[in-house]
Amino acid sequence: MYDSLPFLKKILALPGLSGYESPVRQVIADEWGPFVDELQTSRLGNLYGIRRGTASEPRPRILLAAHMDAIGLMVTQVQNGFIRFTRIGGVDPRILPGQKVIVHGRRDLPGVIGQPSPRLLPEFIGKKTVPMEYLLIDVGLSTEETRALVRTGDPISFAQPPIELTDNTLAGHTLDNRASVAALSVCLHELSTIRHTWDVWAVATVQEEETLAGAITSPYDVRPDIAVAIDVTFAKGPGGGGYKTVPFGKGITLGWGPNTHPAIFEVFKKVAEHLDIPFQTEVSPAQSGTDAMDLQVSGAGLPSLYISIPIRYMHTPVELVSMKDIQRAGHLLAQTVASLEADFVQQIRWED
Amino acid sequence: MTSEQTKPLSRHFIDLVEKLSNASGVSGAEGEVRIVVKEYLDSLKIPYRVDALGNVLVEHSCGKPNAFRLMLAAHMDEVGLMIVEEEEGGLYHFEIVGGIDLRVLPGKTVLVGKQRIPAIIGAKPIHLTEPDERKSPITLENLRIDLGPGGAGKVKPGERAVFSTEFHDNGFSFTGKALDDRLGVAILLTLLENPPENIDLLAAFTTQEEIGLRGARTAAYAFNPDAAIAVDATPANDLPVWNDDENIGYNTRMGFGPALYVADGYTLSDPRLVRLVQDCAQKSSIPYQIRQPGGGGTDAGSIHKQREGIPSMSISVPIRFAHTPCSVAWHSDIAGMVDLLQSVLHTINNDILALPR
């Protein structure tokens, strides 16, 4: 069986902020290469891994999208040898003080986010959260050297290395959404060992955390008949409860709401039930917050679905995932794709 | 203002700081640090004893009658966490040991217990928070140490946890946890390699500094020295002020050399010692700074009130972000500290006690 853990650990350790995905794209391409017939890169930087099916031309196509970009920070100003910064993607300032980062300046500079002492901050802050604009990064160099190496606009990544915890779990930053990139690797590997009639376009999309630009443009290159987004969702745990959260490590979720076409939901659900893959329905009253939002309305519109891997502590450098769920997501994707008959597109309809 | 004339730090010294910084030693559980200290002393064939509080005490006698007895103290303990209650599924409630601002806890990794089990302290996903909620720090009540679902029963209440930050050296500065006061521990060990010939050097590697200067108290009683210097690390709050005003409350500044204490929250330094240390610095052209008088404290706070009173002061390496997962110290300040203390050891003698305070 294909073990995605070494690959996942490798890509978690690579930078690839939204809009700057090339360091991670190359490594994903290397991993997918043996499992696909062709690799392509789009004008915005999406990576396409293409497996051709056995049906006669013109073959139907399914697009499987997982975004590879990471949240992070960006230099706004270098002041007296210290770096002020803003965020790329959603970052809660409460996780920042004491966080180790890498500033991608003229060379990569390890640094730490410092919280200035109270007398250096406006009085209103007191014991409250220090807003991001008052935090500073120290790269441990002299003022002159920092000034020479760092410029406004340089991207900044979290430096937390991935760590394995108990019960086959992995903690690290950017499991949102490289856990799903790993699930796509599992899927592509499995498809390379079984027969499927459809063409499969696995896409590692760009810029999801800011603009969804990778997802919305990908169907123009791919021209799929169905689009599925693979992303992460909220697992129950400290700070996470209520209907928006699902148990951790107990299976994946199939999304249900306006971003879901019921017929696509149904086909994945049936395969999951048939294979005893544990899943829950994740309900989203309006937008799902995934690539599926934009895939669905791309061009003339696409039947779409989103599948999610539950993680704890989303958008912190210590996101936590169960490797079992990554395996489950990849397995379900591969088996569902393989179950699609050549004429399935004609069966997709609204059962009103 | 960096002290370019001081000798660069040796590989040997940097390796020692790395080992000390990465070791776990929350106040009251300094075992891992004590092991590093003892092994280092063993390698130098220097005898030591471990007292009831876990202090490692080294008494180097110069063999001359009525020699001046100088105590140097560096604390082995660090601020950290203690597991206090187990919850379901590998989640643990914890408390803070020593002074840690709880705002540095979310989103960090820790090592728990003697087995150094990796674990994380997470935070609520930003997507599930309200903007107003993010203005208040996450309380200790709402934070957990998470060992993963297989972590149930793996650790017990009472075990300690430390930040799992790995030491890093970029050739100009160190980053790592617990540089307060593993730098002092490394400096004391280094001084013991070339002990002074004319005074008795009494080196105390102390415990429980961060929770009330407690190890130093009993060490000072046992040593009964003529004078004492606490060798520690102190915050350099030399960051820019938010509105670009002049920073007048920096405490100490990086690159300005060792920081001499005149007064802190616990000690009024003995002016005779302060003068002597300043004279040594000037004589040897070692840059130094006076720490801005104010709060805070070091082992000197308990040493100077031991027995009938012990003339004491403190000298610290300026460091940024003390008591957080990752502090920063500059080579130049550390090298200056070693040079300055060496100069003091070779200069101080009984004459200092003959002067009026």
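From the backbone N, Cα and C atoms, a Cβ is placed for every residue, glycine too.
Note that the coordinates shown come from a computational prediction; the quantities given were computed from them, not determined experimentally.
Of the residues proposed, B:Asp132, B:Asp232, B:Asp238, the one TrEMBL records at the same Zn(2+) 1 site as B:His75, B:Asp180 is B:Asp232. According to TrEMBL, the residue from B:His60, B:His323, B:His331, B:His346 that belongs to the Zn(2+) 2 site alongside B:Asp180, B:Glu210 is B:His323. Each of the recorded positions B:Asp180, B:Glu209, B:Glu210, B:Asp232 was scored by the number of other CB atoms within 10 A of its CB, and the lowest score belongs to B:Glu210. Summary of the Zn(2+) 2 site environment: with the site residues B:Asp180, B:Glu210, B:His323 set aside, the chain residues having Cβ atoms within 8 Å of the Cβ mean position are B:Glu78, B:Val79, B:Gly98, B:Gly99, B:Ala178, B:Asp181, B:Ala322. For the binding-site residues B:His75, B:His323, counting C-beta atoms within 10 A of each C-beta gives the highest total at B:His75. Between the CA atoms of B:Asp232 (Zn(2+) 1 binding site) and B:Glu209 (active site, proton acceptor) there is a gap of 10 Å, rounded to the nearest whole number. For the recorded site, B:Asp180 (Zn(2+) 1 binding site), the DSSP three-state label reads helix.
The recorded positions listed here (B:His75, B:Asp180, B:Glu209) include B:Asp180 as those with a Cα within 10 A of the Cα of B:His323 (Zn(2+) 2 binding site).
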